[in-house]
């Protein structure tokens, strides 16, 4: 052995070999050869050891052959594996980095000891490095103590924030208080600049001011008439501005709450508000963006707080429907960036003295809905729905961006789960940390991603939310901390440096589930943060004690919060009852949500009532005529000043004059009384959502309150001196202003310098688009010393900014300048202001919603012609009050919103649903109101392509039933042209050729048409594929939208026209003529070639032609006509010849046979024209005779896309416009459709339209009818009779959507005694559904979605579900467990979220609240149900044990006799060998009390042991069949026990539903192949343990002659047997004794020699081949029909001794409502059972089982232990070990063995083969 070999380990020699293999396989071949030679010489390779132990050297080639299982790169693979393996044990500091050369925690040699935490001593903490404390190492342990940190700071005067304030400190932030202060969702919250005040803005139109330190409600700012969409506090902390969906901006003084201005510059909702940080003397700016696509800059003075009402306005609407969504100012206020729905970012600059637009950045591919400037520089980040964010910075005269792709994943991490399920990533929110080092983006996959703001590198992915996140709030001074909140109710504090969660809070609301968090803000000092939620709560978090917050009430409202207001001409408001400005009214009383005043200790918390006497703190209560309590301001014992008494007397006299006797009677009904100081008026616990019939007391109690709240002069003086929000101290304000000024100057300097620098490269992106400065700027700004502090600036998307409004006329829908929607115009202070507050519902709607409550903001297309709306009996909703202004806006109305006609990505125009008042008696609007909004009436008029009454070949006008050829090339050209000209937003990826394989031309049939309102009006078609040979539909289809556009050739060609042209012979040089604009044009064919090479066979534009005027063009053969001999040519070459009427008629469509019924088209057209003439003479049709007068109703064309009327239809009939009956009927239906769209449902004009439409359709269908008057009379009589019936039913209680005055107590479903009734869940679920129906939030989900209103609903939603269907299914008894009901209810919410993507619309918050409410209550129902199951299971087991103990001696003796076992086993063996499964002959039922007979002999009652109990039962009447043929009964061969009593009843209950449906006398065959079976099969595949099948017996009292029933349900748990008619191989009477095998049995196959049937004896389901064989056999033996009038009755007769519950179950009516596909389950039937005599069950199962239905989850747990394994039995005697895996044959053999030590008997009487160990134990005993 060589010297080198000595001491060489085996590992080293293997390493040499692997290195040589690695080098040999790589580029270093020569080095490999050298190494191989050297290791061979020195014998360094692994050696071989022979059988004697001697070692022998081996060559390299020998080793390669020996280790041929090793790849050449085996060494490299080992290195790859080392890193991940070590990572699991000792994580490295930088995850994902794979290196062999790392050090420290990156080293592959690292150990736990080498990576332990480092702890510095005090001297190290006090050291300085480069003038600052050194940074802690990565493996630094716990942060140093606060004492060491403070001492080091004392030594060196410096500190690091992470040491002084570690992020663990934020774990001590807790929720101080959750206050209910609003009646609706609160989308806006902000702090003032001091952090001592909190402002909340809600959907209930109120802005409230709260004290941060103790949570007191300080003031309510009233005035808005719609939802608050955004708020902003100025930097001087002197005023607050709030924008609303009512298109107004209201500004209040923070010191006195006095209104400073009402700004009206937008024609649609306000989407964002920002106070500019810019400082120029006393001049300041306020910016606002709106859904009308405009941005306004309002100039105001910081000294006087005066705001110029005329803004500098930019209209950024390149096409209708574009909205400005978000905005953000730079730190110095010199830049403003905005995002909008047209994908463009616009940047405005203030450095030239006035705002000017300097850039338009169009690099996002979807809407930009979040934007935020950095805190210290001129960088900003934008987030888009295209799944990307961009960080922008102005460099070298252009805006450059860093792309942040949300699909990026961190290195070394493979995030699975939800991220993979999200098909399209979307950015929902963006934010910067305080130091601008990182950018945080919220993604729709419920994660937050942290990026390096300078490189765009992904740093962390923060996971913890369970729903989408729309709130990101950085800490005001700590760059490590970020707050996030989402719709899942979680508020999470993150450590951005480590990427971990510091603390999380869950907003659980008792009785209502969780509340989705909609906004969150942190106070400027970082001590508090506040959140608001979907239920109207304000949540205050902070450090320290909550003792101050414990002194306030949980519900805080002022009694005057919801009083009606009146508006003057400038939209300033006064309280209607006191005629005072709200801020001048005396201090209000504090009440709860139901209007009950709080005790006096709480009243002192109201500003102005701190020093009041006790009696002055108790409000005087009165009762209104409606029975509601109300607060009266003056107390009976209070001294009233002379001024007060005089004003009060004058007001009372005025009231009497106005109301007359009514006022006296109303006043007399008010019982005034004083509440004692010791008593407290409490509301019922506010658990659960508010009911729709139960208006909150705080809102309704003052609707008719007397005007008694008048302030005295001393009150006004004292009140005017109050300070609600303190101003900033002079030093702080001046310092912040200096900072903002400096930042502004820095931004100007940076911008100017970058503007002068030249481009380094001409990039494709980020080009500066300089716009012409053609805007009229009214205000100029002197840029002096200006500076800003970036504090409290937000970029969150408000609810209005997030709402989807894709098609135009948002400003008209919101409605200030148009009043066409409301039946009653809301007149406010002399101005015509319409505030539509209704949304699609079958019943009453919310009291306070606007256009943002449209719960289906995204739209689709109607794929079918309009059909009749189902007739519903509706009740008129009760109005809560008779107010003149606000109440009109809050009236409950039945309104159907017109679908907004675009998909989520589409930003085209909307078509809001307008209401037309009854009989068209509506206030006329001047056309000028349209022009005020930048629109003209002509823009909205439908094109001539739609309104033309003459048939033309070009352009093609689609009609129902048209068979057309679709040309993909033409459609692609249309899409490209529409995109190029930006006519409307169109997504090329959603075109049909991206969804399916399309040839160049396809034969299609038009099966659906709908027109969409917009600019332009679009035609939406559904095209179905047509087989050209058979003319039948093939089943496929697609949808498309298009309109007639100049310079775009028709790509839909009638089949008739195509076929005529296809066979027309054209040659080069042939002359032709073509119809263009109703004239003949002549030309010559020059050549033929395909338009595109990839479609060589396409005829689309395949000819190159030359017109006579010299122009060349491509033409399609169907556009060219042969020139006849008698053709008229133009006088001048190159001109045209007009078409004659004869030529026009010859070119139109020639109808096919049957398209006009049995008569020719001309005859039918004349008949229908005559009928229409008669119809037009009737008064009921007068409104539909002529087109709608657009001068009188200018908004009509903005609502109705396809206007039509009787005269238009008549004219088209005369011109032979319609190509078939279905085309005509489609247009007739549109009369009703348009009327219903424009008018209020249920109004007389809608009823008239329905009647006229039905009448005309009946007339058209009846081709023998030539006089419409008799038909009119008969239909009129029928309608009158129907209306009388409806009037009779008018007093019937309405649906739950109706307003109810009675206040039923709200119950908690969980506060009830524990019930162990398994069926109790049905009643509990019924109560829960009743509560849900009474909740206001359930209105959109109560009834099925109207497919006429939302035709694309089924395209998106596969399985519709609603609460009415759930209730019907529950009442019909079709839910077998509460889990199934829970699944359907959850389906309702998942369907809604899938169909309505707008996450911050009001309807979305309703769904969140209702879903959380349901989950909160259903949890207790599920818990009780599972508890009942467990109780019954334990009860059943205890019964078994008692029975077993009572019969132990009898069972032991019976089991010990082998001869007895043989006798028992014989019928069992016979019964198991059978032919046709479930072939059950039945006979007529004899009286149930006759003597039971088996084989003609009376039998006594028998004792039967079942798994639940053992009962003695009465005899059953049976009769031996008279026929000689064998009647066969079959027992399932599954691993079950047959229970002829109870199991039969269970199965009969289950089959009663199926039997009730068998009404036909024809033979029926039951098939195995059902959807239930397949679903069950899938379920069983997923379970690790097969379920044990239950075998039961289905019995009849006695057989019927000459009838048989074949009942096959092979896939269910129970199989069917009739014990009363058991006959085995032709011999009757002896019932079978069934053996139930234990778990783990091997399958045993028995062959029936008589029938050849193979029965697989194994657990679980039968094999498919056996099922098929049994199915065929069953069908062959099915010779007699099943009589529905026999089976159920016989079943009931057999169950004569059962209790009423079982009879109810058996006689249950058939399923009602929607029938969900569910797995059959066994019902719990625990009572006496009727069985034949001598039926005994030999039990083999040693497991504790129950017949009760077990919850699937519990059953899964129970089945986990069902695998074969060793079991023991210890009854205080001996212990025997036995196996359960012996076969069935072995089991039978044990019955006949006589050796005492080869088998034993278990506690249940089962024979068990003893193991050797068991024998040894027995011998040892």
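Note that Cβ sites are derived from N, Cα and C of the backbone, with glycine treated the same way.
Copied from Swiss-Prot, the annotated features are:
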- 800-810: compositional bias 'Basic and acidic residues' (COMPBIAS)
- 841-854: compositional bias 'Low complexity' (COMPBIAS)
- 1447-1457: compositional bias 'Low complexity' (COMPBIAS)
- 1470: SUMO1 cross-link (CROSSLNK)
- 1156-1263: domain 'Bromo 1' (DOMAIN)
- 1316-1421: domain 'Bromo 2' (DOMAIN)
- 1359: phosphothreonine (MOD_RES)
- 181-222: repeat 'WD 1' (REPEAT)
- 224-262: repeat 'WD 2' (REPEAT)
- 265-310: repeat 'WD 3' (REPEAT)
- 319-360: repeat 'WD 4' (REPEAT)
- 363-402: repeat 'WD 5' (REPEAT)
- 422-461: repeat 'WD 6' (REPEAT)
- 464-504: repeat 'WD 7' (REPEAT)
- 512-551: repeat 'WD 8' (REPEAT)
Chain-internal residues near residue 1359 (phosphothreonine), provided their CB is under 8 angstroms and they sit 6+ positions away: 1387, 1391
Helix, strand or coil at residue 1359 (phosphothreonine) [DSSP, three-state]: coil
Paired segments the repeat 'WD 1' (181-222) and the repeat 'WD 8' (512-551) in contact, 3+ CB pairs under 8 A: yes
Taken over the domain 'Bromo 2' (1316-1421), the model's mean pLDDT: 84
Helix, strand and coil counts within the repeat 'WD 3' (265-310) (DSSP): 0 helix, 24 strand, 22 coil
The repeat 'WD 6' (422-461): DSSP-derived helix, strand, coil residue counts: 0 helix, 22 strand, 18 coil
